[in-house]
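Taken straight from TrEMBL:
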REPEAT    62-104  repeat 'LDL-receptor class B'
REPEAT    105-148  repeat 'LDL-receptor class B'
REPEAT    149-193  repeat 'LDL-receptor class B'
TRANSMEM  363-380  transmembrane segment
COMPBIAS  410-425  compositional bias 'Basic and acidic residues'
COMPBIAS  433-442  compositional bias 'Polar residues'
Amino acid sequence: MLCTCVALDLDMANNRVFWCDRFYRKIYSAFIHDASDPSQQVPLVDSSLQTPVGLALDWLQHNLYWTDSGDKSISVASVDGTKRRVLINTDLSEPRAIALDPHHGFMYWSDWGTRAKIEKAGMNGVDRQVLVANNIEWPNGITLDVANRRLYWVDSKLHHIASVDLNGAHRRTHISSAETLGHPYALAVFEDRIYWTDRDRAAVFVANRLTGQEVHMLAENLNDPHDIVVFHQLRQPRGQDSCNLGSVANGGCEYLCLKAPQITEHSPKYTCTCPDGQGDAVLHLTTAASSTEELATSLSALRTASSNESKESDYRSTASAVVVSTTPAGDSSVSQHCECLFLAISLCVVKIIIFLSFARIPIVATVVFGLVCTGVYLVWRNWRTNSTKSMNFDNPVYRKTTGEGEEDEIHIGRTDADSADDNHLRPAGVSDSFDSFSFTAP
């Protein structure tokens, strides 16, 4: 049965192999040592597949991703095939290979259609962008060098192997030769080696990925080799399952839980999705309320429902009440949709709370600063008043010349009687005016 296998991937930890069968239009799984036994081959996805041509396993969140050139789509399913969802079905011409980076939440795929290109998007289908669109014709195979953060591809028409970093920059051509690369179809990178299949030569080759030299044939006389995968534990580094970090299984999602792209440290870890045809917009709600206008709109709606109270705790309880009230009892289909909606509303509420807190910071800071300045001024004025001491007295010479009345004066000079009794002689030259020195009471 494996003669019609066109794409495969491995689960190193569980020793399983997954593959797409183009003839039966199904995706199968089996233990590696039992893969050749048809009785041990388990069909995972066996409906609504037209021409599956690319397959990749998310070994951390345990989901399968594949490309279908028949209906021009990229889809995802749980590893047991019970839940599935179409992620991308627009602007695809001939999607072919697909590769995943579960640690950072991105998927990469090639399209050899009318406008050949290599694209990138989050593993939840958002943040789509083109990485390579120039000097590319038939990018049949792609692979990731996770350790060095680069993407490699083979171009069957241009007969070369090239690579870029995971942002589409720093492009490099490793091998370019029609003689060496007849019709390369798939490739794999491990350590300092590049491995690829060649359908014209029905063989598998290897070369030094750093120099492009040391080309050797590993196997020949194969029956139309398509995909190739390196089996090694380092190819699938261990990491956290973002959908099962807490005590709630599957991230609390009632359907699929998909890794979200980790663009910044504040990016959501995962996204809950609903089945095809149910809540299409729910898939993208992890990025909702990202602009000021959307935050303001959400804030206005919450203010209307919160009986004119402005505390963040009130907003949170109001939003929760809205979600609960929209879930009719006993209606499982509506409950499933609302579970997805609840997560979206929770994210919006968190963002609104942050928005409100930052909006109040300038006002509170201004009031506090004004009070502090006022207090400092009052303390300083009181200290200056208490620490300044002065004594006011009249100049006796000035008072004699002006001839002011002396009825309000207190004389502290000596009388004639006191002078007669004075046993001490007054030094010569001291004026008598000293006797009439007076102190005016304040």
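Just so you know, glycine gets a Cβ as well, placed from its N, Cα and C.
For the repeat 'LDL-receptor class B' (105-148), the DSSP counts in helix, strand and coil order read 0 helix, 23 strand, 21 coil. In the repeat 'LDL-receptor class B' (149-193), the DSSP tally of helix, strand and coil residues is 0 helix, 25 strand, 20 coil.
With a cut-off of 8 Å between Cβ atoms, the residues of this chain six or more beyond the repeat 'LDL-receptor class B' (105-148) that come close are 54, 56, 58, 61, 63, 65, 67, 74, 76, 87-88, 92-99, 154-158, 163-164, 166-168, 171, 184-189, 196-197, 209, 227, 234-235, 237, 242, 258-263, 267, 270-271, 273, 283-284, 286-287.
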